[in-house]
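Participant: Here you go, one structure.
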């Protein structure tokens, strides 16, 4: 048993190093050329944020493996060299909250500051904004913790009088579970409803910070995750359907390129007009709305340019480029179909296991248990994959809503073309939603993740906090998640023909 626990500690250290290296790799390959050899502090924050987010997702499978390491022990203290999971959970999520509400906003304010100002002025401006935000957050947390920072556990009060230890146990039965013959409430099965009572205790401040952060993340996760769980696979599949069927002619290419050139000049004029308004100090709500509209039109223009380049590959390797384009769309179809199966499994599991009371089946919980029976870490790996899929769905949902809704700022992630402010925004969103993803997975897979430290934090303390527990008691987030997933599915079904007509001019084909 000790050898197994030592191996678990070694695996945790190795995985942490690998995650750090992968985060650096993503930063190097996704960053925009304009950010090369500069913006080192935002880059450090991005690497740290990605590492913390990925490790937080991996901690739940590690928590399950940590519990399994001691599954044959009579009590937890009988195991040595196990990971202190509850302490690790609190440390990771306090770091998560500090990054989301303090460090990342500071890095974004500094990065987006007026480049004409000195470094000192940009640092001072960013620090003022962050300190003001910290004071407001601290006051809100302190007031809420002082007023309602308590946990109300519903317990059953059982009692029995003290009697001499009996020489024989033959007198005990289901009707007489107590030592005394007098009627006592010493068994939960025979206790009356009046034995139910509320046990109140104050939550620790770190647990309360995690709880409130989880609530904020849960709102975003419900919106973006509910939309993303449907649009992620369907977007890949529809991308295959809308793919260019053949290489266009040169005349068609010139015609389409001319139209895109006109759009580019119009956007340039609009951007210059907005820049003039900014210099004149006219930066009201209308100006910010127009800036977001121009940014989204520019993003769509870039996508149109990429689609045009795919339909008319140029250069000596044109045929090879076209072949890779075709293979890329086939890959999207394959991953889209796989993702659709996973999305359906997720929604079905939520309905079967969480929304129907009592649950019809433990469904995916049983699948993970059986996979563990095949190989020790197979179920844990599948469990981690399902959690990661939810996090990817959140990013997909944010991208889709950002394109459709004007009041949501879009921050695209592009290979070799992602600015640091977009990187910081998406890392902050991932960090904020990662807590909610873990809480959601701990609830959805409660049978598989039972008796873990995550269950103690998210399954007991969080769901018993005053003012918060009703959101979980009535499955508000689960209902919202499923409802948005169904609405997104209807959106793709209803507006599919309309989108095809809009995109017909961007994908001309040769008969």
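Cβ coordinates come from backbone N, Cα and C, glycine included.
Because TrEMBL annotations are produced automatically, they should be read as predictions rather than curated entries.
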Participant: Pick from 202-256, 257-311, 312-366: which range has coiled coil per TrEMBL?
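Facilitator: Spelled out, TrEMBL records coiled coil over residues 257-311, not the other listed ranges.
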Participant: What parts of the chain pack near the transmembrane segment (123-148), using Cβ distances under 8 Å and only residues at least 6 beyond its ends?
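Facilitator: Distant Cβ neighbours of the transmembrane segment (123-148) are 101-102, 105-107, 109-110, 113, 117, 205, 208-209, 212, 465-467.
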Participant: Who are the long-range neighbours of the transmembrane segment (333-356) in its own chain, taking Cβ under 8 Å and residues 6 or more past its ends?
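Facilitator: Here the qualifying positions are 229-230, 232-237, 239-240, 362-365, 386, 389-390, 393, 443-444, 475, 478-479, 481-482, 485.
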Participant: Which range wins on Cβ pairs under 8 Å with the transmembrane segment (208-241): 40-62, 90-111, 376-403, 423-448, 476-498?
Facilitator: 376-403
Participant: Within this structure, do the transmembrane segment (423-448) and the transmembrane segment (40-62) have 3 or more Cβ pairs under 8 angstroms, counting pairs 6 or more apart in sequence?
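Facilitator: Judged by the Cβ rule, the two regions touch, with the required three close pairs present.
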Participant: Do at least three C-beta pairs under 8 angstroms join the transmembrane segment (90-111) to the transmembrane segment (476-498), pairs 6 or more apart in sequence?
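Facilitator: Contact criterion not met.
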